[in-house]
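Engineer: OK, TrEMBL features for this one:
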- 39-60: transmembrane segment (TRANSMEM)
- 245-267: transmembrane segment (TRANSMEM)
- 274-295: transmembrane segment (TRANSMEM)
- 328-348: transmembrane segment (TRANSMEM)
- 368-389: transmembrane segment (TRANSMEM)
- 493-518: transmembrane segment (TRANSMEM)
- 600-621: transmembrane segment (TRANSMEM)
- 633-658: transmembrane segment (TRANSMEM)
């Protein structure tokens with residue numbers, strides 16, 4: 001396994017031969033002949049960041065987050081946009097003026113699209129009059145001498161001011177005024193017709209000589225289908241992230257910081273009871289989060305998720321994909337809760353082993369106290385990155401271009417500027433997305449994953465270098481160990497090993513994205529051809545997913561140990577991986593016996609932090625602010641998942657202090673034992689007590705391997 005590691009980072013020996021046979025000079029603690037490694041991948045990472053900035057600038061220039069929430073009117077204005085023509089900053093609800101156009105767009109083999117139906121923006125969805133017929137008229141312009149404010153005050157109705165030609169055109173459903181025959185409700189900022197025509201309004205309309213209006217259920221289903229489309233739901237999910245930014249800051253950033261630091265302090269001062277506390281708290285939290293999912297899915301209590309904004313008829317039920325997604329998540333959480341409970345029972349007998357391992361980490365934290373506060377540095381780096389990334393995400397997802405549709409519709413409407421009926425402007429407007437926008441979004445998502453993995457890897461490498469200094473100093477903070485070993489390790493990382501960390505994080509990111517792409521293709525093929533799916537196909541699909549999952553888990557484990565050897569030896573990523581893998585294979589029983597149950601407890605600890613963040617996010621999103629008016633979110637699903645993910649990332653950042661301490665101590669112990677014929681000379685007494693459970697002979701057999 002090469003030369004002694006003591007020559008590299010510890011006190012043994014102060015002079016001699018290094019791992020590559022090169023001469024060591026005085027200095028004892030850190031090898032002085034390190035050099036930069038994997039520079040090519042450092043340049044790749046820098047080029048990637050340049051591409052990320054260029055990619056994000058495209059989104060900032062082309063995107064408008066208002067498009068994620070609000071629809072377009074027949075002029076191409078975004079409802080609620082202060083820069084519209086006219087100024088419609090207060091008019092946020094999209095309303096379909098001509099019910100016959102809505103019906104026509106829903107008929108089979110129709111060439112007329114709902115996107116070409118005439119729409120305007122209103123403050124709220126209109127309702128039929130109780131004693132006659134009321135109208136919704138076009139934006140006032142031309143010979144209609146009303147301001148927008150006066151038009152709003154008149155409930156959008158200036159039918160009495162129309163000239164005879166305008167009235168006749170309106171009775172032919174060609175505008176500028178259209179009758180309100182059907183009630184409508186605000187479903188995610190679009191007025192959805194309810195196919196229950198007002199008998200009194202319909203009768204009055206017919207008495208006025210108005211054309212026949214179709215009362216088919218299609219006028220209800222057609223609008224609902226557009227509102228409930230996959231692309232519309234995805235846009236609303238992304239918009240929910242923007243609306244719930246205070247929740248993300250509190251539950252995804254501040255709260256996990258506090259909980260993670262508290263967990264580290266409890267490990268330091270109350271390690272004996274932390275394993276049991278972690279297991280019990282984990283089960284309580286996962287049950288609580290699952291119950292909230294049941295409440296929002298409408299299966300418990302009387303507070304289910306609703307797709308209607310504002311008041312609505314309680315006898316009219318409108319569902320959406322969001323509710324279906326929430327119910328699917330509820331079922332998944334139930335399965336996870338059951339598995340988690342059974343797993344907790346299975347590891348109950350191994351809790352004492354985990355306690356012994358955590359005591360070693362607590363000893364390290366107590367000696368190298370800067371380890372507790374160091375994660376705050378990468379924490380703020382991640383905070384700045386995510387602020388930039390989330391803002392760019394909102395703009396990239398809304399970066400399509402508003403263009404007039406290319407349609408073959410045969411329709412006419414009254415043009416107030418031309419003061420006549422025009423048949424030249426039938427086509428409506430839509431937001432068009434080109435393929436390169438999809439590629440930009442995928443690159444942006446991959447960039448987030450790689451950058452996150454890189455920052456976590458840097459943090460882990462710094463911690464590993466600090467703990468290695470502690471181990472090779474015989475568990476003492478001697479004068480030969482730097483006063484601040486954490487910052488000395490950080491300096492070594494920044495000077496020599498950033499390229500190696502970039503390579504390691506890239507490998508994990510690429511494998512994870514291959515899994516994502518293959519899983520997306522599998523789901524797409526399943527939707528395209530469901531008849532040809534047989535047992536063999538399902539078996540192959542499941543097996544490939546399982547294999548990729550195992551490869552991903554193995555790479556993560558190898559990477560983590562490679563970062564340790566990078567911090568200790570200063571080798572390249574591939575060489576460090578080789579050294580770490582050799583140590584693991586020669587000491588697999590020792591590492592498996594001590595490390596696995598410790599990793600499980602640490603994983604449960606991370607889940608405790610992230611689940612608490614998800615639970616608190618549910619509580620914040622259940623307030624009036626996020627259930628009504630402008631800030632109403634379409635579903636708590638995405639904000640809660642993002643809070644959970646951010647909580648898990650922050651917990652990973654801080655829990656790496658314990659995790660990397662254990663792994664570094666174990667790997668250093670194995671190398672120490674191999675260098676000294678199975679008798680580790682630099683291991684602290686507490687580590688020897690923890691690992692030497694089977695007596696000297698058993699320890700020697702395990703550390704030397706078969």
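Glycine residues also receive a Cβ, built from the backbone N, Cα and C atoms like all the rest.
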Engineer: Do any residues, 6 or more residues outside the transmembrane segment (328-348), come within under 8 Å Cβ-to-Cβ of it, and if so which ones?
Structural biologist: 279, 282-283, 286-287, 289-290, 293-294, 296-297, 299, 597, 600, 637
Engineer: Among 39-60, 274-295, 493-518, 600-621, 633-658, which stretch has the highest count of C-beta pairs below 8 Å with the transmembrane segment (368-389)?
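Structural biologist: Of the candidates 39-60, 274-295, 493-518, 600-621, 633-658, 633-658 scores highest.
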Engineer: Below 8 angstroms Cβ to Cβ, which residues of this chain, lying six or more residues outside the transmembrane segment (600-621), approach it?
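Structural biologist: Those are 244, 246-247, 250-252, 255-256, 259-260, 263, 275, 278-279, 281-282, 285-286, 288-289, 292, 296, 347, 351, 354, 358, 633, 636, 639-641, 643-648, 650-652, 655, 658-659, in sequence order.
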Engineer: Grab the same-chain neighbours of the transmembrane segment (274-295) for me: Cβ-Cβ under 8 Å, and only residues 6 or more beyond its ends, written as numbers and ranges.
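Structural biologist: Same-chain contacts beyond the flanks: 263, 266-267, 301, 303-304, 326, 329-330, 333-334, 336-337, 340-341, 344, 347-348, 351, 354-355, 358, 601, 604-605, 607-608, 611-612, 614-615, 618.
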